């Protein structure tokens with residue numbers, strides 16, 4: 001008897017929603033507009049302006065300045081391109097869905113494009129950051145190897161692989177998405193209910209999300225942390241081997257700059273990408289949803305979206321504006337006729353008379369204090385050094 005009364009109550013509630021298509025859609029899909037649509041849109045607009053201007057400047061200064069066309073800057077150029085794709089193509093779709101959760105008006109092609117875009121740029125960004133970290137590790141710990149192997153042609157080959165892998169690994173998640181319509185109890189489709197969502201069994205989606213989060217977040221984050229830890233140990237060891245006052249004066253600021261940059265790289269990577277992957281993993285591990293779990297997930301989803309786009313806006317600041325050379329290039333692009341905006345070159349002193357190791361040249365190259373060129377020792381003598389210009393210049 002109790003079951004019959006319960007079934008009757010459900011039937012009465014459902015019939016109430018069936019009297020209005022909009023009410024029935026709200027019953028099935030939730031509100032058509034997010035409660036946070038206005039404040040989130042304002043935040044997104046600020047991120048959009050800062051991110052687009054910053055990343056365009058990065059691409060422009062690298063393309064216009066021959067001295068900035070180095071292997072490391074090629075990776076930063078790739079990172080700026082992926083950030084621009086997110087901001088110019090991904091963010092407008094995100095803002096649209098904040099104001100119109102349904103229907104999805106761009107059809108199956110638009111759904112596939114949206115999913116593939118986000119997956120591809122997500123993977124390409126992380127792989128680019130990881131590649132930069134590996135390059136810097138080699139430059140600091142294995143400078144002779146970096147001198148021989150780190151070339152622009154090699155960087156272009158690696159970037160081709162990065163984007164190819166990103167596209168390939170975006171296909172599984174893209175293939176399980178599509179347009180889904182809600183249905184009335186009689187089996188007919190509800191008008192205006194089209195959404196871009198998972199159309200295959202949910203366990204397939206959960207497996208893909210968990211696998212890609214491991215491959216494209218947990219592993220890179222672990223690798224980057226280990227590499228920066230090893231670089232820190234190497235820099236600390238080199239600090240203890242300083243033999244004279246000249247070497248101390250040259251490398252004390254460089255060590256501080258490198259340490260600060262490494263810390264910022266790891267910190268920003270973790271802060272911006274952790275909420276995004278927590279959001280995906282949270283959804284993939286929950287089997288039975290309750291009202292409280294749904295509220296927590298919605299909050300995480302909003303926060304993860306803000307940090308996801310924020311990473312695209314702060315990358316030009318973190319990876320480029322900490323470099324003195326990039327700052328000078330930015331000033332040159334923004335105000336080429338402004339003479340007082342550009343720092344004057346200091347006159348170079350006489351050649352050093354002390355012993356300076358080859359590894360120290362690469363430490364200088366990684367700092368904001370690096371000028372257009374720094375002398376590298378071609379051989380170790382106690383007399384005047386024979387010098388050659390540094391080939392690879394890291395911003």
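In case you wondered, yes, glycine gets a Cβ from its N, Cα and C as well.
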If I look at Swiss-Prot, which residue among 173, 186 would I find recorded as N-linked glycosylation site?
186
Match it up for me: which of 213-233, 234-254, 318-338 does Swiss-Prot list as transmembrane segment?
213-233
In Swiss-Prot, is residue 316 on the same membrane side as residue 63?
yes
Of 258-278, 342-362, the range Swiss-Prot labels transmembrane segment:
258-278
Tell me the Cβ neighbour count for residue 186 (N-linked glycosylation site), meaning other Cβ atoms within 10 Å of its Cβ, over all protein chains shown.
6
Which of 111, 196, the listed disulfide-bonded residues, has fewest other Cβ atoms within 10 Å
111
In terms of DSSP three-state secondary structure, what is the assignment for residue 186 (N-linked glycosylation site)?
coil
Rounded to the nearest Å, what's the C-alpha distance separating residue 111 (disulfide bond) and residue 186 (N-linked glycosylation site)? Just drop the number here, would you?
27
Return one of helix, strand or coil for residue 196 (disulfide bond), based on DSSP.
strand
Return yes if the transmembrane segment (116-138) and the transmembrane segment (42-62) have at least 3 CB pairs under 8 Å (sequence gap of 6 or more), otherwise no.
no
